[in-house]
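Database features (TrEMBL):
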- E487: active site, proton donor (ACT_SITE)
- W358, D359, K592, Q593: substrate binding site (BINDING)
- 323-679: domain 'Glycoside hydrolase family 65 central catalytic' (DOMAIN)
- 689-747: domain 'Glycoside hydrolase family 65 C-terminal' (DOMAIN)
Amino acid sequence: MQNNKFELDGWKLTTHELDKENKRFQESLTSIGNGYMGMRGMFEESYSGDKHEGIYLAGVWYPDKTRVGWWKNGYPEYFGKVINTVNFMKLAFYIDGAEVDLYTDTISDFTHELDMYNGLLTRFFIITKGTKRVKFTVQRFVSLATKELCAISVQFENLGAAATIKVASAIDANVTNEDANYDEKFWQVVEKEVVATDGLLVARTIENNFDIPQFTVGFKMTHEQTGFAVQAAVETEQEIVTNYEATIETGEKVVLEKRILVVTSRDFETVESIKEQLNSLTQTLASSTYDEIKTAHQTLWHRRWDLADVEIGGDVSAQQGIRFNIFQLFSTYYGEDARLNIGPKGFTGEKYGGATYWDTEAFAIPFYLSLAAPEVTENLLDYRHQQLPQAQHNARQQGLAGALYPMVTFTGVECHNEWEITFEEIHRNGSMVYAIYNHANYTGDESYLLTKGIDVITEISRFWADRVHFSKRQGQYMMHGVTGPNEYENNVNNNWYTNYMAQWTLRYALETLPKLSAEKRESLQITAEETAKWSDIVEKMYLPHDEQEDVFLQHDTFMDKDLTPVAELDPASLPLNQNWSWDHILRSPYIKQADVLQGVYYFPENFTLEEKKRNFDFYEPLTVHESSLSPSVHAILAAEIRYEEKAVEMYERTARLDLDNYNNDTEDGLHITSMTGSWLAIVQGFAGMRVSDHELSFKPFLPEKWENYRFHINFRGRLLLITVTTAGTDVKLIKGEPLTITVDEKPRVLKVEEAAK
Ligand code: BGC
């Protein structure tokens, strides 16, 4: 765990220290985005120390050749890379001809501040060079009001002797990816042009051999300068630069504002149409001042917070954690664009590649179901529905029937190339179906399930029916050679979670079929032999169970391991993935993330409290939580079985995973998809929210350290406000038709209060 140098504050992340040793970590934490684009908290100006500069555009990627030592049949041909886009923010500052570089210069009064309420990133610092002393205020935001816009404002205040300030403002296509397999650069410049202080650069991704269309992106920068004289612009092969100069007297201030518009071929096909759109957006914004566009942006953040904020009284650390997570999630995805999904690093890094993991279905959908318009969840489900042909292709790659949704993808085609994950971590298919079920269960509306959802469910059922085999010896269906959610064991036989998900999927498919219209049923061409086989598998699926411990067995041979609990390990060996050989990890009993417990969490009604407790007591002490997805599931289960201390510990770990760098890897970027975990831990965990058989219920408790907490949820056309205090639980219906819910197993009838109507 790392001391993060940012102060505790409910709405802000503020540090007064430029932590040169941990610059990448600070950059990750100060990332911002607007769903369309985003960037790490890199500095605009030159910085010669260690750093990781990254600006990313949603849906803009590159298929990089798969690199493996030993090719195995079934491997995908390419790995989809999130690419670092053209550096459009670039600025260089000079004081009397000497370039400002925060790595080497004498700096004082440094402040870096992420304002989550307003969606602004601001820096203040003073540079002293001899008798010259200049205070800089640099602010940027990526606009929620105009998604293509990034705005930067720099104010220079002279605190020393008269000085000449020069600024060079650039769009630079000479960028690299941290993780390029072959050190390639992924951008080539197609067009560039500078007219006065306006610059335009159009770049295209380099060619690839995989039939993936190249992306073309246009960048346009415009400037407003107060007190500066414009100097000659400079163009090089990969870069355009406009220059500004001002001589400022002691006490004087000058300001330069840079606006950059970014339009991609995802929305406008040709270079001409991209340029037209850039020009038209420039004109629309021309009459607005920086403050006006900033206000429009802030107002939209405020609106998001009105619904999504979770207030925690009495624990500012917990408060900062949940807001940070919600801020970063919404910066990555707010559901406006149905073609997009939620990448595990969002706009904050390159690790993991791809845009879409099972994380979305397992961890993000419950969050968006409660906090976004219903279309958002349907968009996320549709994304997978549209990729059904690609999922069928993935199954064929493995020689199997039906559909296998990818572990990592941009297009639906698997692009991850480790056999133990690509071929074996097939439990992911179960979460695709779970998400469809979750949507129907939460919304009470089965129309999606019965129209599109069933297409996905049918093909996944066909996959499971082909992937299991029948053991004559045991008279049961089994699944060998799989990796469960616990990636610290591979190629295991009969992972309880995977077998359970397969059995549950087939049962759900069989239950859903009679509800379909004749036409829909016809279109699926499900034969009587198929349904007979599905029923047989449901009936005879092997679900390993250990008699002695009376727990669901993670896989056939788990009990033969040396089951020494994590608490008895030398703390210096944690995290295991950074200290032990892979071989050591695979042989060990240590669990990366919820595995059996993931299944127990998914289906709260299918297990008794006793079963939950027994399995938690057995597996949690062996769990190292080295996947960011782990603590939230454990927080929720611990809350349900009233292990309050554990629940709070797990909440803190999920809420402050990146802020406190629990897994020692935040420098690579934030763990975006698991950020829903802190919300789930509060809402499903502490407040005990469940939806079962059309009934919404809560079983809240208040963590001892907290004075109170409150949050809103959308539920079936209604807006509810839940407040938990030492005096009890108050649930208010803010909007919508009356509703009966249960709180602590007692019914409550909710009606909008007259005054609020
Ligand atoms: C986890 C996976 C997850 C991926 C992306 C891995 O570390 O084990 O379950 O899908 O990260 O978040």
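The backbone N, Cα and C atoms fix where each Cβ goes, glycine too.
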Candidate with sparsest Cβ neighbourhood (10 Å radius) among D359, E487, the listed recorded positions: E487
Local backbone state of D359 (substrate binding site), from DSSP in three classes: helix
Binding residues W358, D359, K592, Q593 (substrate) - maximum C-alpha distance in whole Å: 16
Remaining residues near the recorded substrate site, that is with C-beta within 8 Å of the centroid of the site residues W358, D359, K592, Q593: Y357, A362, P485, E487, S627, L629, S630
Distance [Cα-Cα, Å, rounded] between W358 (substrate binding site) and E487 (active site, proton donor): 14
In the chain carrying K592 (substrate binding site), residues 6 or more apart in sequence that have Cβ under 8 angstroms from it: P485, N486, E487, Y488, N577, T623, V624, H625, E626, S627, S630
Three-state composition of the domain 'Glycoside hydrolase family 65 C-terminal' (689-747), taking helix and strand from DSSP: 0 helix, 38 strand, 21 coil
Confidence summary for the domain 'Glycoside hydrolase family 65 C-terminal' (689-747), mean pLDDT rounded: 97
Cβ contacts of Q593 (substrate binding site) (under 8 Å, same chain, 6 or more positions away): P485, N486, E487, T623, H625, E626, S627, L629, S630, V633
W358 (substrate binding site), number of other Cβ atoms within 10 Å: 23
